[in-house]
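Undergrad: Supplied in structure tokens, the structure appears directly below.
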């Protein structure tokens, strides 16, 4: 694969990762919105359940009131039967009507109870699902935060290592340069010392203090003095 193809592939890979990251972030925002909407719907469901429970209780109270009326009119019918059969029949007819009303209201009570039970089950199931979803979303967010922190720490660590390596290389170059300079200075001093010694020797020879001329003169004087 050519360098250009590798570069294009790397760019595409980076673009795909960036697009996926944006899509994932968008998905989390959508989930948050759906969770908020689900909570609102559950709040409405709780309110509807409260209304059903209230209607059921009212129906039960009505049934209880009708039962009391039935007992009262049955008592009236028994007392009226002792002296006025027609009045007793009217009381009995009232009991029949009351029982019909009571049966109808009891059916409402039973329907409300069934609706209440069904709605309670569905609300509890929906709340459990919502809690699981919230936990999963929280875990995803927490994991994402941890991974971002790990990436940041790793990047800093790699950057610090790179900087340390660069600093060490710079220090080594400085030390090498200083060692080279020290060697050059020592060599220059050595050369200077040699040059200074030659000049002094030349001056001594010129003054007749050292060298072959001074030795020859001394030797001649010794020879002449020994005659």
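One-based numbering along the chain as shown.
A Cβ is built for glycine as well, from the same backbone N, Cα and C atoms used for every other residue.
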Undergrad: For the coiled coil entry in TrEMBL, name the matching range from 21-55, 56-90.
TA: 21-55
Undergrad: Helix, strand, coil residue numbers for the compositional bias 'Basic and acidic residues' (170-179) per DSSP?
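TA: Here the numbers are 10 helix, 0 strand, 0 coil.
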